[in-house]
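Per TrEMBL, the features are as follows:
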type     : residues                            : note
DOMAIN   : 8-439                               : domain 'THIF-type NAD/FAD binding fold'
BINDING  : 22-27, Asp46, 54-57, Lys70, 115-120 : ATP binding site
BINDING  : Cys156, Cys159, Cys438, Cys441      : Zn(2+) binding site
ACT_SITE : Cys171                              : active site, glycyl thioester intermediate
DOMAIN   : 319-375                             : domain 'Ubiquitin-activating enzyme SCCH'
COMPBIAS : 608-618                             : compositional bias 'Acidic residues'
Amino acid sequence: MDTQQQQQQQSFIQGAKVLMVGAGGIGCELLKTLALSGFQDIHIIDMDTIEVSNLNRQFLFRRSHVGQSKAKVARDAVLRFRPHINIRSYHANVKNPEFDVDFFKQFDVVLNGLDNLDARRHVNRLCLAADVPLVESGTTGFLGQVTVHVKGKTECYECQTKPAPKTYPVCTITSTPTKFVHCIVWAKDLLFAKLFGDKNQDNDLNVRANNAASSSKETEDVFERAEDEDIDQYGRKIYDHVFGYNIEAALSNEETWKNRTRPRPIYSKEVLPESLSQQNGTTQNCSATDDDSTVSAMPLLGLKNPQELWGLTQNSLVFIEALKLFFAKRKKVCVEIGHLTFDKDDQLAVEFVTAAANIRAESFGIPLHSLFEAKGIAGNIVHAVATTNAIVAGLIVIEAIKVLKKDADKYRMTYCLEHPSRKMLLMPVEPFEPNPACYVCSKTPLVLEINTQKSKLRDLVDKIVTAKLGMNLPLIMHGASLLYEVGDDLDDIMVANYNANLEKSLSELPSPVINGSILTVEDLQQELSCKINVKHREEFDEEKEPEGMVLSGWTQSPATNGESASTSNNENEKAVDVTESSSGPEMASKKRRLSETQPENDKKETENVESDDDEIMEIENPVMVSKKKKRVE
C-alpha cells in the first residue's frame, strides 16, 4: 500500500462512526484495537456488569470494577490511553426501544460481540432495515469466526440454519436416563426449578410410589416446606422422595425395564448420618458474604478441589447442605425462593445441581462427574481463550475497514481453527450471496403446519412468533383483520380484545384461520414483515414434534435443479450444497455427502456452545463452508 492509499484508508477510519454491541471478551479486545487503529467515534452497547470470572481475560477490567457496567468501564479504560477520541457507552439492552432503526442509521458499520442468538438476530434485522453493514463474530475455546453481512450483497446472519439448543425427550429425562447429561438436565430443569422456582409447575417429580407410607404428606405438598419444619427433615424428605420413592414408582412398570438395567432407589438413611448438624456444624457458621453467588456448601464439608470426584455420601452431604444454605441465606436476604432460575455463575446452584445429578447417576448406574465437569455440562461451557478473542477482534477490524472502503471483492468470512487444516490456522472464505429462501432478507413465505381447531393464538405467538421468529413487538394480521398487536399506545378495549383472541383457537378467531389461510406477521421495532401459509394438520408426534406444530421454510434452502432436499439418515453424512465452477454459464448447485467431500480429520459437526467468555458461536466446518453455497460475484 503506497502513501496515498494509506492516507485514504486513514481518512475512512477517522471519519467513520462505529457501533459496537457487546463489551465482553471480544468487546474488550475490539475496543482496544479500534482505538489503536485510529477510529475516532465509537459507541458501545452492553447490558452486563463485570463479574470476578471475567477478570482473567477481559483485560480492561479490574477487581475494583466488579459490579459496574462493562460498557462504561471499558470506555473509561481506553480513554486513559486514547483521551482525544469520542467513545460513548450505553449500559442497556440492545433490544430496548431507543435503539431503533433510526438509531442504527447514524452508523457506518455495526460490530457484534454478543452472547446470545436472540440479540444477534435482533441486531441483524435492524442493520437490514437501516441498510448498515454488520460484522458478526464469535469464539468458543480455540475456535472463532468473523463474518460480513451487507444488505443485498452477502447473506444476512439468518440466511443459514443456526443450531438449536440440544433437547432431550421428557420421558428419557424423567424415567430412563442413560447419560450424565440426562441427569444434569433433570437436576437443573426439573428438581432445581421445582424446589427454588415456581412450585406450582407440573412435572413428573410429583409422582409417588404407592408404598410410600413413611410420609404423611400428600403428593402435591411434598415440595412445600412448613414454617415450623426442621430444615434437615425437609431436606431428607426431598431426598427420599426424588431418589427413593420416585425410583420405586418407576420400577413398578415392569415393561420399561425388560431390556434396561433397573435403577436402584436410594434413601437418605442409607448414606447420611443421623444428625448432619453434629457432623458439619450448622449453616449459621457459614462465612457471611454480600454476594449470594459466592455462597458455598463445600467449605462446610471440607471439600476444596472442584475437579475431585465425589462419592455418593459426599454428593448426598452437598445436596443437603446446599439446600439448607438456599433457605438459610437466600430467603433471609430477599424473597428469592420461588423465583430462582439456574445460573452457571451461582456457586451454590452449581453445587446443588452437581450433587443431585450425581446421586441420580449413581441410581441409574451412570458414571459420576466432578463439579468442574458438571458445571461445564450444565452451562454448556467451553472455557475461553484470550488469544482467540484477540485474533477475532483483529479480524473484525480488518473486515470493518474493507466495509468502510466498500471493497466488496475483498470481503472474507474467516474461521479460526484449533488445529491446522491445509497448513492454515486461519481459513478465509469468500462471503455468500443472500439465500433466496431466507424469510428475513428475501421475504420468502413460511409454512406452518398446525391443528387450527385445537391450537390457540397464544400457542402461535409464544411458540412461533416469539420463540422461533424472534419478534419482540409482534403484529399478526389475517387479510385486513388485525388479530394481535403489542404496544404501549393501545387503549384498554384493544388490549382486552387481543387478550381474548389469545385464548381462542385459530379457527374461532374473528377472522378464522383455517387450512390455506395466509398470515402476515410484523415486528414494528425491527421493521420486519413475513408471510406464513397455514396448513391444517390433525395429529403430531409427541416425541418428535412436542410443540404440536411445525414451521418450515425458516431454516433450509429449497432444493435446486429438481433434486430432493432431504438428507441421509446417517448422522455423519449431512447433505451440503456444492458449487462447481466452469468457464461457461454457472452450473447448478449440487448436493454431496459430507463424507464424500471432506477429509476424515476435518469432520466436525456444527456446534452451538456458550463459552466461559459468554460468546455464543455457530461453528460450521470451514473446509466445507467454502464449497457449500454460491459465492458473491
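Cβ coordinates are placed from backbone N, Cα and C, and glycine is handled just like the others.
Cβ neighbour density within 10 Å is lowest for Asp118 among the binding-site residues Asp46, Asp115, Asp118. Considering only the recorded positions Cys171, Cys438, Cys441, the residue whose Cα is spatially closest to the Cα of Gly22 (ATP binding site) is Cys441.
Ranked by Cα separation from Cys438 (Zn(2+) binding site), the recorded positions Gly25, Asp118, Cys171 are led by Asp118. Cys156 (Zn(2+) binding site) is 15 Å away from Asp118 (ATP binding site) when you measure Cα to Cα. For the pair formed by Cys156 (Zn(2+) binding site) and Cys171 (active site, glycyl thioester intermediate), distance between Cα atoms is given as 38 Å, rounded to the nearest Å. The Cβ of Cys171 has fewer other Cβ atoms within 10 Å than any other of the recorded positions Cys156, Cys159, Cys171, Cys438, Cys441. Comparing Cα positions, Cys159 (Zn(2+) binding site) lies closest to Asp115 out of the recorded positions Asp46, Asn56, Asp115, Cys171. Take the CB of Gly22 (ATP binding site) and look out to 10 A: across all protein chains shown you find 29 other CB atoms. In the shown protein chains, 29 other C-beta atoms lie within 10 A of the C-beta of Gly25 (ATP binding site). For Asn56 (ATP binding site), the same-chain residues 6+ apart in sequence whose C-beta sits under 8 angstroms from its C-beta are Ala386.
Distance noted between the C-alpha atoms of Cys441 (Zn(2+) binding site) and Gly25 (ATP binding site) is 30 Å. In this structure the C-alpha atoms belonging to Asp115 (ATP binding site) and Cys171 (active site, glycyl thioester intermediate) are separated by 31 Å.
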